[in-house]
Amino acid sequence: MAACVPPGEAPRSASGTPTRRQVTIVRIYLDGVYGIGKSTTGRVMASAASGGSPTLYFPEPMAYWRTLFETDVISGIYDTQNRKQQGNLAVDDAALITAHYQSRFTTPYLILHDHTCTLFGGNSLQRGTQPDLTLVFDRHPVASTVCFPAARYLLGDMSMCALMAMVATLPREPQGGNIVVTTLNVEEHIRRLRTRARIGEQIDITLIATLRNVYFMLVNTCHFLRSGRVWRDGWGELPTSCGAYKHRATQMDAFQERVSPELGDTLFALFKTQELLDDRGVILEVHAWALDALMLKLRNLNVFSADLSGTPRQCAAVVESLLPLMSSTLSDFDSASALERAARTFNAEMGV
């Protein structure tokens, strides 16, 4: 975490009463498949003060997952799949345990989002506005509530029921959110995973392939919504998601980012499954409401892609080059100071 909130005495009104000093904030969520290098990129951005403005970095909540409670979530979710594959755990039981672990991944992100979202400010500014403060979050809650659960569902590790339960917990994003989905060629991605050798983490090529596809779906979903379309546009013509769809979604780079995506390129397509439809093939209203909510929660996210194939400093520069295209919000000095305190606390408590 780099420099603190811009110093300075709060301005005063004509009567001499202190007024609330305004602070322009750009917030960035670095996201993508695990092991690409986003955490290193975020730390470098904070240490170098991206774009010349003070930068606060909120890391992955690793301690929350690994040491604060009785079970290591990262080791646990991989161990569950191993036990299932070895025949030591029934498929249905494994799915329930996987859903439990996945919900624990999301808890600290939801807590952090709830704590910080009221501090961002409500007024969205013109893109390209020079920020007084840059916030870099290591993942958005969409990762643990939508993307990773969707991948687990496509792999057969979680049920649609569990996926819907997770998706429903995604918080609505206030105006001004910017998510950067990080990418990397497969060979370098695997090399970096082997180099970091995180305890309990496994290099699961099929999971990696599925996550890559799901993140392309996320990018396409944000583009789709930004174009003014809704999930009902083309729903009737969309084929029902079936075993062939799931198989395709587990193949390396079967999905790609589309500038003008169709509904079938988005996350919404995987929800057109018999489990959510009535006997006529019509989606039940309660499930339609869930997709309406997902649409509204994602609508305020501006999505970008960034290739992290360079050095850490080069990767940070790639993300920083997107700053002029990003949305910002107008907050105040007290809120900015509260964000700085939150970042310091989160860094101190979440490190392992």
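Placement of Cβ uses the backbone N, Cα and C atoms for every residue, glycine included.
According to Swiss-Prot, the protein carries these features:
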{"type": "ACT_SITE", "residues": "E60", "note": "active site, proton acceptor"}
{"type": "BINDING", "residues": "G32, V33, Y34, G35, I36, G37, K38, S39, R192", "note": "ATP binding site"}
{"type": "BINDING", "residues": "Y78, Q102, F105, F148, R198", "note": "substrate binding site"}
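Overlay of Swiss-Prot feature records on the structure.
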residue: G32; record: ATP binding site; Cβ contacts under 8 Å, 6 or more apart: K38, V181, T182, T183, Y215
residue: I36; record: ATP binding site; Cβ contacts under 8 Å, 6 or more apart: T182, T183, L184, H189, R192, L308
residue: E60; record: active site, proton acceptor; Cβ contacts under 8 Å, 6 or more apart: S39, D138, R139, M350
residue: Y78; record: substrate binding site; Cβ contacts under 8 Å, 6 or more apart: G200, E201, Q202, D204
residue: Q102; record: substrate binding site; Cβ contacts under 8 Å, 6 or more apart: I77, S144, F148, P149, R152, M158, A162, M166
residue: F105; record: substrate binding site; Cβ contacts under 8 Å, 6 or more apart: W65, V73, I77, S144, F148
residue: R198; record: substrate binding site; Cβ contacts under 8 Å, 6 or more apart: I74
Taking each of the binding-site residues K38, R192 in turn and counting other Cβ atoms within 10 Å of its Cβ, which one has the fewest? R192
Between Y34, F148, which of the binding-site residues has the fewest other CB atoms within 10 angstroms in the structure shown? Y34
Which of the three DSSP-derived classes (helix, strand, coil) applies to R198 (substrate binding site)? coil
Work out the three-state DSSP category of G32 (ATP binding site). strand
ATP site, defined by G32, V33, Y34, G35, I36, G37, K38, S39, R192: further same-chain residues with Cβ within 8 Å of the Cβ centre: T182, L184, H189, L308
